[in-house]
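This report refers to the structure that appears directly beneath it.
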Amino acid sequence: MIGSVLQKVVAGQILDIDEAMEAMSAIMTGEATPAQIAALVTALRMRGERETEIAGFVKGLRAHMIPVELQLAQPVIDVVGTGGDGNRTFNISTATAFVVAGAGVPVAKHGNRAMSSRAGSADVLEALGVRIDLNPSAVARCVEEAGIGFMFAQRFHPALRHAAPVRRELGFRTVFNVLGPLANPARVRYQLLGVAMPELVETVARVLALLDVEHALVVHSADGLDEISLGAPTTVYEVRRNGTVEVRRWTLEPESLGLERVPSDALRGGTAEENARIVRAVLEGARGPARDVVLLNAAAALVAADAAQSLAEGLELARHAIDSGAALDRLERLKVLSNALAEAEVPS
């Protein structure tokens, strides 16, 4: 199967969803050789990945992931970025996740170790005292009881090990860089998703439209962040399902919400421990650019989760989540519960 897919891609043809799904299954089961994997992702990168291809790869990846089953009736959201923007900001999406949870929206955060910064979400959560090595049942309990849970990508996508050596050796961005945020093990249907590669922002939005998303905001800022930025306008592709799926493009300016524009250098992070201190300071109410960028991203996430009707309303909900102590409380709850569950070794 992988051989026929390769022939088609090399000939310049576009894979449909089923073909891409079968190709990913061949990779996930170890059927595809390293040479075939490298040839496929390189050819796709040179030609440019299409939405049907990425959607099929996501479906193939989901079929081999370890799922997290949530027993919640309300919307559950993920706040995540592709990484790889090279700006080395602190972990904005991680801080944002606690604010969103503090505003009453459950968060099932999917993440990994460092990519574009010196510390990924997994590294920073560890530095904050959260256990990241939880099994599916334990993660579900965290989301349901603490309002937020974390799924460590390496644990929930073990089949990706077949592609890992190729990714390391190639050393350039491939389709795998965008798959993780699209393959949340809890199958969330609401997302704030940052994309580092400007050429893929609209494509990723249209991938979500082909999948089972209900409401998502896909973002990329003009200063290169895979977040909503304080330093430049942010392009937003909004995907909403209401009978039919609509994809709408708009631009977000921080000034429109009364936030001061500051360069992304003001959001620079450091080690996992340094970033953890920044995240905790934001949750404790410290003022400044770090707080403002988290408020801005949390406002967008609350809109994506249908918890706010506008960014202005989302901003007020986010402010209240921090200033009331609710966001910090979610961190403390997750810290206590994740450690207790890890020690108890809740069965999968």
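Cβ atoms are placed via backbone N, Cα and C, with glycine included.
Sequence annotations record features per position, and here Swiss-Prot assigns 5-phospho-alpha-D-ribose 1-diphosphate binding site to GLY81, 84-85, THR89, 91-94, 109-117, SER121 based on sequence analysis. According to its DSSP assignment, HIS110 (5-phospho-alpha-D-ribose 1-diphosphate binding site) is in a strand. Applying an 8 A CB threshold to same-chain residues 6+ apart, the list for HIS110 (5-phospho-alpha-D-ribose 1-diphosphate binding site) reads ASP78, VAL80, PHE150, MET151, ALA153, PHE156, GLY180, PRO181, ALA183, ASN184, PRO185, ALA186.
According to Swiss-Prot, the feature anthranilate 1 binding site maps to GLY81, ASN112.
Cβ-based neighbour count (10 Å, all protein chains) for SER93 (5-phospho-alpha-D-ribose 1-diphosphate binding site) stands at 26. Residues annotated as Mg(2+) 1 binding site in Swiss-Prot: SER93, GLU227.
Residues annotated as anthranilate 2 binding site in Swiss-Prot, with sequence analysis given as evidence: ARG167. Around the Cβ of ARG167 (anthranilate 2 binding site), 17 further Cβ atoms fall within 10 Å across all displayed protein chains.
Under the heading Mg(2+) 2 binding site, Swiss-Prot lists ASP226, GLU227, citing sequence analysis as support. Look at GLU227 (Mg(2+) 1 binding site): DSSP puts it in coil. Around the Cβ of GLU227 (Mg(2+) 1 binding site), a 10 Å sphere holds 29 further Cβ atoms from the protein chains shown.
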Among THR89, ASN112, all listed as binding-site residues, which has the most CB atoms within 10 Å of its CB?
THR89
Please report the Cα separation of GLY81 (5-phospho-alpha-D-ribose 1-diphosphate binding site) and ASP226 (Mg(2+) 2 binding site) in Å, rounded to an integer.
6
Local backbone state of GLY81 (5-phospho-alpha-D-ribose 1-diphosphate binding site), from DSSP in three classes
strand
Starting from the Cα of SER93 (5-phospho-alpha-D-ribose 1-diphosphate binding site), work out which of the binding-site residues (ASN112, ARG167, GLU227) are within 10 Å.
GLU227
Nonlocal neighbours by CB distance (under 8 Å) for ARG113 (5-phospho-alpha-D-ribose 1-diphosphate binding site), same chain, sequence gap 6 or more:
GLY120, ALA122, ASP123, GLN154
How many Å separate the Cα atoms of GLU227 (Mg(2+) 1 binding site) and ASN112 (anthranilate 1 binding site)?
17
If you measure THR89 (5-phospho-alpha-D-ribose 1-diphosphate binding site) to ASP226 (Mg(2+) 2 binding site) at Cα, how many Å is it?
10
